[in-house]
Structures are given as C-alpha cells and as structure tokens.
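Below is one structure, written out as structure tokens, with a few remarks after it.
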Amino acid sequence: MKNGLIQEAQNLFDKMPQKNVVSWNTMVRGYFLNGFFSKAIAMFQEMPERDIFTCNIVISGLMHGHDVQGARQVFEGMVCRDVVTWNAMIGGYFINGMLDKGLKIFEEMPVKDVISWNLVIEGLVKCGKLDLAEEYFKRMSYRDVASWTVMISGLAKAGRMADACKYFEEMPVKDVRAWNVMLEGYIGIECVDLAESIFHEMPEKDLDSWKLLINGLVRCRRIVNALGYFMKMPTKCCKTLDSILLGLIRNGHVKEGHAFLEKQPYNNVVSWTNIVVGYFGIGEVRCAVKVFESMPIRDVTVWNVMIRGLGETNFGEEGSKFFIRMKESCFHPDEATFTSILTICSNLPSLDLGNQIHAQIVKSGLNHFTAISNALVTMYERCGNMHSALLEFFSMQKHDVISWNSIICGFAHHGNAEKALEMFERMRLTDVKPNHITFIGVLSACGHAGLVDKGKYYFEYMKSKCSLQPTTEHYTCIVDLLGRFGLINEAMSFLNQMRADGIEVPASVWGALLGACRIHNNMELGVIAAERVLEKEPHNSGIYLILAEMYLSCGRRDEAESIRARMEEKGVRKQQGRSWVEANNSS
C-alpha cells in the first residue's frame, strides 16, 4: 500500500486464511493514503470488529478527504477515545480551515499531549494567526523541538526575523531543521550575509542547508559565491546545479554557464536544455544549435526549445526542419511542439505546411487543446485564410481571451471591420474579459472602416468600463483614425492632451499623424510630426523620404533637397525591399 500497489495488497488480503483487526486496519489506512476514500469507507463498514485504532484511522482519513461531517459522526459514535482520537479531530478541523471548531475541541480535551499543542500552534501559524499562536505557545508546560521550530518558522515566513531570532536563541535543543528555518528566513528577507553567517555556525548541515544557501546566493546574483559553495557540497545534485545555471543565464553569463557545465559530471538533459535556452535568449543561434547537436540524450522538451527558439529568432524554416527531424527521431510532438511549429507557419506566406500540421494535430487527437486551436486560428488569419480561421474558432469547445483576440485582430488586419466588431460584441456577451490586445484589434477595425465615433466610444469604454490604461498602440490607432479621415486638428489636439496628461508621445503616434498629413497635404503639421519622429528615431529613412516627397508635392524643391542632404550627412540610407514568393510549390 505504501508503494501504491493497491491491487496486489488487496489480492494478498483476500487470500489470507485468517484476518484480524490489524489486517483490516492496514487495508483501510492504505486506501485512505492512496486517495480511495469510498473504498476505505466500504472496507470500514465491512469490518467484523473494530478497535480504537480503526476509528482514529477513519477520522484522520475522512478529515483529509474534507468529509468533516463523516469524521464527526465516527468521533461521536466512539465509546472510548484516546489522545490520538482528539488530535485527529483537531488536525482535521485545522486542515479544513475550521479554526474555531479546532480550538473548541482542543479546550474540551480531557488530556493533552505535546502533539496536541503543536497541532494547534501549527494550524494557527498556517492561518496567519501568529499572535494567537504565541499565546498558546506560552501556555505550554513542555515544548519539544517541533514546538519551537513551528513557532520560529511562522515568524520567519512572516518576515519577523527579530522575533524568530529571539525564540531561536531561547531554544534549549536545536536540530538541523531549526537551523534551516533560520537560514531560509534570512534568505526570504534577502539578508544573505546573515544567512551565510548562520550557515557557518551550524554544527551540522544536511542537503537542504546547502541548497537553501546556494539558491539564496543565486537569487541575489552572487553567482560566483554560489559556484564556490556548490563545489564544496559533500553531496551534489543536478537540481542545485540547474539553479546555478539559471542564475548565470538570467544574468547574461550563458557562455560562462556553458563552460562550467562542461566540467561537471553532475548534469542531465535539463542542464543542457537550460544552456540552449540561454543561447537563444542572447541571440547566439549557432551556439544553441551546436549544444543541441552535442547532447548525448534528448527529450521532447529540448526539441520544443529548438523549434520555438528558431522560430523566435527569425530562423523559421530551420525550425520547421527540426520539427521533421524530431518526428524522424521517433519523438512524439506534444501541445508545446505543435503550438511552436504553428507559430512558425504563421510567419510563412504559404499555407501548405500549416495545412499539413493541422492534419497531424487532428490525427494525434490534440486538437481539443485550447492553446493549439488558438495557434491554428492565428496561423490561418496571418496567412490570409479567414474562412479556415473562423471554422477553427467555431469548432473550439472553449474560448479564452487569446482565441477572441486572434479572430478579432485577424478580421481587423484584413480590413473586415464589420466582422471584427461583430466578433467583439459576441465576446462582450461571454465571461471572457477583453484586454489591451483586444482593443488594438477593435480600434484598428474602426480605423479601416472610418468609424470615428465608434472608435472614440470604444477608446473611452476601454478606459472607463474595462479599467485598461491605453498603451502606445491604442493612441496610435486613434490618431491614425482621426487623421486618416481628415480630422488632423482633432488628432493634434488629442496629442496635446496626451502631453498635458504627462504621457510621452511615442514615435509611432507622431508617425501616424505624419501619415495623415501626407494624405491630406497638411504640410505645416506634417513637418512638426516628422521632426518629432526624427528626434526619437534619427536614422528612420522612411520619415526623411516621406518629408522630402511632401515638400516636392508642394513645389518646394529646395526643402526637399535639404532633407536628402540631411540623410547623407547622417549616413541614413533607404532600406532595400525583400519579398518571399511561392510558385509551383517552390520558393
């Protein structure tokens, strides 16, 4: 039963020629331990005879299964109770959050032992009732190591290290767990120097002591010290090594982490996966691939890391090749795999690979995962197939905010404002709350359709009803909407209001105003907008060219030439255009 071999235990029990109460108790307790509460109760009811131990087991089991009423019935039906019975009830009430009932039954106990007191103190500590826990602690006539440790742990976790330290100093006998509690407490309030002092004072240390200090040093970015302690650990473990590696990676020291790992025999597939993730994080794609190729053992996770990493670093085609290699290596793609490869497909103009992936998802039976369906909707809409995107959306069993955003932003992106707003109105009828991305799609749709009043309404609705603070993208959408339909002065007033509210107007918003001025030949505001963009992005070649074009359209050739001269003076060059075309199944 302790090893979860339930059927084997039942078979052995059934074959027993004679069964006594101890045998039955073992079976009942085993079923409770393994979570089979109904089976445990059924066996309890079948028992030919019961003793006090039987009832204690059942009370404890029912309390852990949150059947408080059932436990109470067994308790009240007992003719004889011992201290274990009462303790089971006290612990059970506290487990189920019934503090008052737990304290009441504690006070009713005819005889209390130290375990009874410890159960009350621990229960109060876990519920955050530290002052009350201290009162009960002071009432104790005898305290064991566990009593002191529970009290110190509660104070330490609450950040009351001065009080914890006072109790620790008064503690007559300290074991390694009590020292570890103090160590963890100082690390919790980021006093790693004091934690280090405690560590050196400890008469004996266990694996947890070393792990606590090393992890604390890593969190405080004292990676070199963490490495030093790791090398001194009497028993090293991969988990601690991975903690150090993550610390190095998060601080940008990926190559140092890689060099350190190469010298360690204590590594596993997780360690090497962390290094791969680190290299992708700093843009060293070749190094990430090299580490992957040198790995002696791989799992699905590291394949997923490679596919995702290549997709996020603009090596999507290489990512798709890794997906094929993964399948050829007999690894079965999971939810994360398909989500990553669909993201890559979203950035390809061809739907061929995406359609193949969709078919594989259906065959694998993973199409019921919301994350995968979201990725499919996004892939189809980005590749221009809104019909398939909508079919996938409506086939989903459940929609989250990502699902709605994908379909709303997809219709907005393809200029179908009416459908985008229709989907938003459907979303409002559900329990899913819109977020910032939702309103980017809605405002963008209003901009495409020229729905100025609706755009203003949704902008205010976002702020007042949804309590969402507008971001750069939202302001850009509104300025673009106003400017695109000739309301340039109103757009400028909007920008002035932003500045009056203390919001810095970003380059993208000024760029939206410049685009409007270009369409409606508003040279005066166009120059202001262009200069504001160039203040923030002095090497934006497109702005120079738009401004020069506007001057030329007004017959102001000299100003246009001066703009081109400024470009040459700053070394700004027009970026070359590139395209990706598929014809006859080849690119």
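Glycine too: its Cβ is placed from the backbone N, Cα and C atoms.
TrEMBL: automatically predicted annotations, no manual curation.
TrEMBL has this to say about the protein:
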type   : residues : note
REPEAT : 20-54    : repeat 'PPR'
REPEAT : 82-116   : repeat 'PPR'
REPEAT : 144-178  : repeat 'PPR'
REPEAT : 299-333  : repeat 'PPR'
REPEAT : 400-434  : repeat 'PPR'
REPEAT : 471-505  : repeat 'PPR'
REPEAT : 540-574  : repeat 'PPR'
REGION : 567-587  : region 'Disordered'
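For the repeat 'PPR' (20-54), the list of distant contacts is 1-2, 4, 6, 9-10, 13, 60-62, 64-65, 67, 70, 78, 80-82, 84-85: same-chain residues at least six beyond its ends, Cβ to Cβ under 8 Å. Only residues 6 or more beyond the boundaries of the repeat 'PPR' (400-434), in the same chain, are considered here, and those with a CB under 8 A from a CB of the stretch are 370-371, 373-374, 377-378, 380-382, 384, 386, 389-390, 393, 440-442, 444-446, 448-449, 451, 454, 462, 466, 468. Sequence-distant contacts of the repeat 'PPR' (540-574) (same chain, at least 6 residues past either end, Cβ-Cβ under 8 Å): 507, 511, 514-515, 517-518, 521, 523, 526-527, 530, 533-534. Residue counts for the repeat 'PPR' (299-333) under DSSP, split into helix (H, G, I), strand (E, B) and coil, are 26 helix, 0 strand, 9 coil. Applying DSSP to the repeat 'PPR' (540-574) sorts its residues as follows: 27 helix, 0 strand, 8 coil. For the repeat 'PPR' (540-574), the model gives a mean pLDDT of 80.
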